[in-house]
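Enquirer: Could you have a look at this structure, given as structure tokens, before my questions?
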Amino acid sequence: MFKLFTARKHDNIWDFDGGIHPPEMKLQSSRVPMRIATLPEQLIVPLQQHLGPEGELRVSTGERVLKGQPLTVGRGRTVPVHAPTSGVITAIAPHTTAHPSGLAELCVHITPDGEDRWREQQPWADYSLRDKTALLERIHQAGIAGLGGAGFPTASKLQGGLNSVTTLIINAAECEPYITADDRLMQEHASEVVLGTQILMYLLQPQQVLIGIEDNKPEAIAALQHALRGQDEIQLRVIPTKYPSGGAKQLTKILTGKEVPFGKHSSSIGVLMQNVGTVVAIKRAIIDDEPLIERVVTLTGDALSKPGNFWARIGTPVLHLLKLAGFTPQNQPMVIMGGPLMGFTLSSLDVPIVKISNCILAPTEAEMGLSEPEQSCIRCGLCVDACPAGLLPQQLYWFSRGEEHEKARNHNLFDCIECGACAYVCPSNIPLVQYYRQEKAEIRTLDQEAERAAQAKARFEAKQARLEREKIARELRHKQAAVKLTDVDQQTVEAAVSRLARETNNTDSTISVTLGQPPDNSAVIAAREARKAQARARQVEKKLAAAEPETDAIDPRQAAVAAAIARVKAKKAAQAQLESEPVKSESEAPEEDPRKAAVAAAIARVKAKKAAQAQLESEPVKSESEAPEEDPRKAAVAAAIARVKAKKAAQAQLESEPVKSESEAPEEDPRKAAVAAAIARVKAKKAAQSASAVNPD
């Protein structure tokens, strides 16, 4: 009983909110067998046909290529593209591609040679003999991307789900009106669908494998049931027809009952989904070594006399396929790539088929109906009821029109699957999906600009930091070079410090002058040099202190100890210098010229007399009658002070003026000197007499 209940539970089908039931319009092409499209005169292969960056070119203009030969290099999430047939590359230039913007992208133009000659192939009949890494690499190098419309690199998707997938879902719903590519593929290649599913099971090791298909495809259901005989691990689930049940989140909810959170993918709940066409491409890449160079494309619409499904090479122009289907242009032809709800109108019929092109719709004016003008939103709420993603289309519309990008992002704009259900039910004929696509593109552009700005800012800040480090290092080198002393400079400083210490020790000693010899000024000169050397040493210490980084972690007691040690070392060095230089004795003095010493002494005496005379003339001479009125003690003191000043002035004059030769000495008047000396003696005698008269014994 429990087993029956469990089996019944496995067959449960859930439903999702929203959705619509538009006319299916599938019988125009689903009852016609698939045809192989002929090669056009020129194939135009865009380099980017998937999500992610385009690959690096590995061919050049004028080069001959073989069928299946890679045209670009595939690294990481970059999927390579391949030559759809053998021929010559006539150009590598921009061309309009299958995109709503109608912008030109870089494409490889190949002129077929008609031979359709393959490159060397290496089929793997038994994939179970290969490890998973080799299988994933082969899928990647085959250029396989999601053929259901997203274009996500299949190998990257499988790599991310190797250890986290519990449920593998094969999407065979194909819910959009007019499109029957997967329907015819399952009818005619059901065995390849099953074999590709088994390869995925070998890679992912899922606990459950489900194939979801709508109940409006009875022929495909019968073909799959026949191919799945004996494959109990693969379960075929037939679901009700409802648009958009083929969406990844919607089909996950229908088959498992699990809802994918906002902003997440099905892989976040352990579910991995692959399209039927992608599964067949995986089988052909692994077993047959055929890269993705062709796919099934539905050509339908009342403007075609022979609608159906075609195996079309990647790069085939749309106009070439339309001609094969009997295209009859209207007055204002409209060709849509994709379905009527999720497709877009082509700006040019020279646009090539790419990996995600599943349908080309060529309707007549009557079929599409008259285009009604867009009107104001009446806030009816029908779009909210129809949205299968649980969004608020009305609010997203206002945010998109008002360019309120952050509000649109916060209202989960990127969870919109662009199914068109909201626009289908809108009574105001508002093209809501177009607004959402434009808003998404603007947000992506702003994000890219912000990312580039952040990268530029990071580079600028890194450059500024590097320049600052280089500046600090350069200044430090300059400071170190400025304070670096050579050996000679160090010796000079030490010698000057030693002389200064020697002079300090001999401050009480007098300078001896030997008669007939010039005075020894070496001590004065040495002191002056020592002071200069000491000043230079202080400057050096200041520079060294400035060059070293400041720190507050130095102990003041340690600093005091270091200073004391430095003073002791300096005193020892000065004493050693003093002991190393012998002091000259007085016996060495007679080596100087005695005549020069005599001349210097005579000049000193003459200058002293002149100074005394000048002092006498500057003060008025008092008469003898006035003398008794003065205080003799003050006069004696004044005379003594005058003599001292005269002696100091004479000594200063002697030091400041150069020593004159013998020939210059007789030029002074000896009589004036004698008069001055006599006057000085008279004043002294008067002062003495006055002092004795005032103070008798």
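Just so it is clear, glycine is given a Cβ too, placed from its N, Cα and C backbone atoms.
These numbers come from a predicted model, not from an experiment.
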Enquirer: Given that Swiss-Prot annotates Cys377, Cys380, Cys383 as binding [4Fe-4S] cluster 1, state which candidate in Cys107, Cys175, Cys426 belongs to that site as well.
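Expert: Swiss-Prot lists Cys377, Cys380, Cys383 binding [4Fe-4S] cluster 1, and from Cys107, Cys175, Cys426 it also lists Cys426.
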Enquirer: Based on Cα coordinates, which of the following binding-site residues are within 10 Å of Cys383 ([4Fe-4S] cluster 1 binding site): Cys416, Cys419, Cys422?
Expert: Cys422
Enquirer: Go through the chain and flag residues at least 6 beyond the ends of the domain '4Fe-4S ferredoxin-type 2' (407-436) whose CB is under 8 A from any CB in it; none is fine as an answer.
Expert: 18-20, 22, 243-244, 247-249, 262-263, 341-342, 372-378, 380, 382-383, 385-389, 391-393, 395-397, 399-401, 443
Enquirer: Counting Cβ atoms within 10 Å of each candidate's own Cβ, which of the binding-site residues Cys383, Cys416, Cys426 comes out highest?
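Expert: Within the set of binding-site residues, the most crowded position is Cys383.
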Enquirer: Give the residue from the binding-site residues Cys377, Cys380, Cys387, Cys419, Cys422 that has the most other Cβ atoms within 10 Å of its Cβ, counting over every protein chain displayed.
Expert: Cys422
Enquirer: Measuring Cα to Cα, how many Å separate Cys416 ([4Fe-4S] cluster 2 binding site) from Cys426 ([4Fe-4S] cluster 1 binding site)?
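Expert: Given the Cα positions, Cys416 ([4Fe-4S] cluster 2 binding site) is 16 Å from Cys426 ([4Fe-4S] cluster 1 binding site).
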Enquirer: Count up the helix, strand and coil residues in the domain '4Fe-4S ferredoxin-type 1' (366-397) according to DSSP, in that order.
Expert: 13 helix, 0 strand, 19 coil
Enquirer: When DSSP states are grouped into helix, strand and coil, how many residues of the domain '4Fe-4S ferredoxin-type 2' (407-436) land in each?
Expert: 17 helix, 0 strand, 13 coil
